[in-house]
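Student: Let me give you the structure first, and then I'll get to my questions.
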């Protein structure tokens, strides 16, 4: 009588403790994000402490209408914090830092196109609100040499705003979330591109967070939060098609610069000093945006849709320019579960 031998398939694989921390693409995404967040907040705290200790900027609670220098110093400190954290993570994970969105060969052209479209889009939205009587221009606030002076002084600050917010949400965070979530593709009922699945699940999570964080801004409204989330998806769409953050950085900077400096409308409830025009909304906040500004108006959906259409038809997203080309190759089922 032969001895019973269980099938090899029924023998569980040996427990490998290192698999808790490392997967087929190196350090697992969850641990990577945890380390990156700790680094970012540590650097941000150190940078802000230095700013306040040297009295270079007033405390935020006292700075109700910040000027060009205050905005630039705060935003460049935040950008340096996320840039340094990203650089350290690229060394830990042995990846080129360019995969997180600020690389590529068309940085200048993407940035300039995005900036132009951002200015055009916010100008169109303001024109709609003005023509429908939902926005009133009260007066001009800058005169003579003040006009070119402050129009130029504000540029560095809004450039860094675009850089910081895009790199924070759609740089390392977007890439690492997409890498970690790409494995969910194998659970779908029909075959799917793991990189696309991971990217778009991450994009919706990032966009939800982007909108939610805007809720801390003064005067923000539910409509404004929704618009911020939709804008974030448009930025993600540009990232997917171009493989670069520079289009979104330009769009973000141009949009914010146009509404805050040129048209003088509220940006998520915030107003800036030394703006060209003084305006005020009229009528239903759902239509005019109210205290939130144009981003709180349902008319904000019009430029967002048009921008998405422009990305679709002008950026084919094929070859090396597609974001998927920068992501790790999909892991096999055995690698993913081992």
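Glycine residues also receive a Cβ, built from the backbone N, Cα and C atoms like all the rest.
Just so you know, TrEMBL annotations never went through curation; they're auto-generated.
Annotations per TrEMBL:
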{"type": "TRANSMEM", "residues": "29-51", "note": "transmembrane segment"}
{"type": "TRANSMEM", "residues": "71-89", "note": "transmembrane segment"}
{"type": "TRANSMEM", "residues": "110-130", "note": "transmembrane segment"}
{"type": "TRANSMEM", "residues": "150-169", "note": "transmembrane segment"}
{"type": "DOMAIN", "residues": "150-257", "note": "domain 'CAAX prenyl protease 2/Lysostaphin resistance protein A-like'"}
{"type": "TRANSMEM", "residues": "196-215", "note": "transmembrane segment"}
{"type": "TRANSMEM", "residues": "221-240", "note": "transmembrane segment"}
Student: Could you tell me whether the transmembrane segment (29-51) and the transmembrane segment (71-89) are in contact, taking contact to mean 3+ Cβ pairs under 8 Å with a sequence separation of 6 or more?
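Tutor: Yes, the transmembrane segment (71-89) and the transmembrane segment (29-51) are in contact.
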Student: Taking every residue in the domain 'CAAX prenyl protease 2/Lysostaphin resistance protein A-like' (150-257), what is their average pLDDT?
Tutor: 89
Student: So what's near the transmembrane segment (29-51) in sequence-distant terms, Cβ-Cβ under 8 Å and 6+ beyond its ends?
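Tutor: Counting only partners 6 or more residues beyond its ends, the transmembrane segment (29-51) has Cβ contacts under 8 Å with 21, 57, 73-74, 77-78, 80-82, 84-86, 88-89, 92-93, 168, 172-173, 176-177, 179-181.
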Student: DSSP-wise, what's the residue breakdown of the domain 'CAAX prenyl protease 2/Lysostaphin resistance protein A-like' (150-257) into helix, strand and coil?
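Tutor: Split into helix, strand and coil, the domain 'CAAX prenyl protease 2/Lysostaphin resistance protein A-like' (150-257) gives 93 helix, 0 strand, 15 coil.
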